[in-house]
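First the structure, in the form of structure tokens, and then the observations on it.
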Amino acid sequence: MGTRSVALVLLAAVLLQALLPASAAEGLVRIALKKRPIDENSRVAARLSGEEGARRLGLRGANSLGGGGGEGDIVALKNYMNAQYFGEIGVGTPPQKFTVIFDTGSSNLWVPSAKCYFSIACFFHSRYKSGQSSTYQKNGKPAAIQYGTGSIAGFFSEDSVTVGDLVVKDQEFIEATKEPGLTFMVAKFDGILGLGFQEISVGDAVPVWYKMVEQGLVSEPVFSFWFNRHSDEGEGGEIVFGGMDPSHYKGNHTYVPVSQKGYWQFEMGDVLIGGKTTGFCASGCSAIADSGTSLLAGPTAIITEINEKIGATGVVSQECKTVVSQYGQQILDLLLAETQPSKICSQVGLCTFDGKHGVSAGIKSVVDDEAGESNGLQSGPMCNACEMAVVWMQNQLAQNKTQDLILNYINQLCDKLPSPMGESSVDCGSLASMPEISFTIGGKKFALKPEEYILKVGEGAAAQCISGFTAMDIPPPRGPLWILGDVFMGAYHTVFDYGKMRVGFAKSA
């Protein structure tokens with residue numbers, strides 16, 4: 001080939017590169033996310049669904065969620081009612097369009113089926129018609145997924161799935177033929193595309209993301225989320241497959257290794273309120289980066305302290321007040337005598353074993369006050385309240401507070417326990433006086449400002465403000481656990497590095 005021919009080939013290559021979309025040239029696949037503001041209808045639906053979820057979980061027992069070591073326990077708690085960010089995919093050939101949540105906290109892809117005849121929810125959403133796809137392959141294996149505020153059931157099928165410019169071939173997914181209840185009927189999305197690990201996939205189905213990597217569709221085994229928190233609605237952000245967009249973040253990412261496959265789970269350090277330690281996670285907690293959870297969920301003991309500092313409404317726990325009035329001084333004396341904190345509640349006779357467990361059952365009893373809820377000290381509300389009091393008192397003693405001040409403060413916290421329905425209101429005019437809440441990840445503090453963790457609903461005189469924090473107690477061995485949902489991921493650009501098994505955070509641009 002002559003010099004002239006080589007030059008022409010090079011020129012053609014340059015021109016072709018210039019004509020390619022920027023994302024293709026970068027080896028990135030971009031999915032635009034739409035943002036929907038939280039409205040009053042969604043809030044009402046969330047509360048109703050939350051009540052149903054609490055009743056269902058109460059029958060199983062709060063402690064059973066983590067005790068069995070099952071990988072699907074967090075999925076069983078998920079609440080999609082206040083989801084705000086959605087993207088579009090196609091299923092079949094030609095592609096049938098569906099709006100989905102890209103959810104790093106679950107691993108299956110499901111969409112409503114045209115064979116869904118008896119669930120009203122299906123008729124409010126797009127439905128997959130296998131007969132209209134030339135690449136459909138029958139599977140038929142039954143499937144069901146139970147979420148915290150809803151469930152779906154159906155069967156597996158296989159077809160091509162279009163994500164942006166990519167076509168994932170032979171993808172196993174669930175055709176949902178049953179979507180009972182309120183949750184998915186009022187949802188603004190059709191289905192869910194899970195981006196978690198295969199370990200938590202129902203039916204052991206290979207997740208869409210795995211297939212992208214296996215079929216060589218992405219340049220790097222990495223995907224990243226950017227949520228546009230500056231937009232009330234419309235352009236909500238972007239998910240990038242194959243890497244990250246430098247215009248979406250500032251500075252460098254702080255990476256932490258995935259500590260347990262299944263979820264994008266990692267180890268997290270102390271949580272600080274206004275720069276002061278809460279003590280609860282000083283020796284370490286686990287956390288999950290979860291794009292399918294709108295709020296930021298954590299242990300009741302810390303959420304209660306946050307509620308108190310931001311002036312959030314709460315519920316009064318008589319069990320908590322009883323512990324303070326009848327056992328508070330004794331607990332303080334044992335802490336001052338350097339008794340091992342995990343043994344204190346059993347020593348005062350409120351727990352039947354040494355070691356922490358979840359407190360969800362206790363908080364539920366505050367509202368429901370159902371007979372029999374507190375039977376058995378091991379999982380009773382008095383034991384739960386005692387364990388929280390020990391954590392709170394430890395933290396106050398570390399700040400050299402007097403015993404009277406400590407007991408008064410703990411009594412105040414008993415009035416600020418989070419609602420079991422997960423929503424706490426705050427005064428919109430008080431944001432300037434609210435503290436920063438910081439999370440220690442990879443040795444670095446990631447702070448959330450009030451305007452980042454308070455969600456505004458409505459406009460003008462009708463506007464209401466709700467806390468972006470909600471209580472969720474996961475006992476050992478899975479917990480204590482934080483779920484860093486969209487409230488956190490909106491402030492921090494998040495990278496999910498499948499190749500190096502790590503999660504990275506940097507300030508969003």
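Cβ from N, Cα, C; glycine included.
As written in Swiss-Prot, here are the features:
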- D103: active site (ACT_SITE)
- D290: active site (ACT_SITE)
- C116-C122: disulfide bond (DISULFID)
- C281-C285: disulfide bond (DISULFID)
- C320-C414: disulfide bond (DISULFID)
- C345-C386: disulfide bond (DISULFID)
- C351-C383: disulfide bond (DISULFID)
- C428-C465: disulfide bond (DISULFID)
- 85-506: domain 'Peptidase A1' (DOMAIN)
- 315-420: domain 'Saposin B-type' (DOMAIN)
- N252: N-linked glycosylation site (CARBOHYD)
- N400: N-linked glycosylation site (CARBOHYD)
- 1-24: signal peptide (SIGNAL)
Distance from C414 (disulfide bond) back to C345 (disulfide bond), taken between C-alpha atoms, in Å: 17
Disulfide-bonded residues listed as C383, C414, C428, C465, least Cβ neighbours within 10 Å: C428
Alpha-carbon distance [C122 (disulfide bond); N400 (N-linked glycosylation site)] in Å: 58
Average pLDDT across the domain 'Peptidase A1' (85-506), rounded to a whole number: 88
CB contacts for C345 (disulfide bond) [other CB atoms within 10 A, all chains]: 29
Between C351 (disulfide bond) and N252 (N-linked glycosylation site), the C-alpha gap once rounded to whole angstrom: 46
CB contacts for D103 (active site) [other CB atoms within 10 A, all chains]: 22
Helix, strand or coil at C345 (disulfide bond) [DSSP, three-state]: helix
Assigned conformation of C428 (disulfide bond) - DSSP reduced to three states: helix
From C116, N252, C281, C386: recorded positions whose CA lies within 10 A of C320 (disulfide bond): C386
C383 (disulfide bond) to D103 (active site) - Cα separation in whole Å: 35
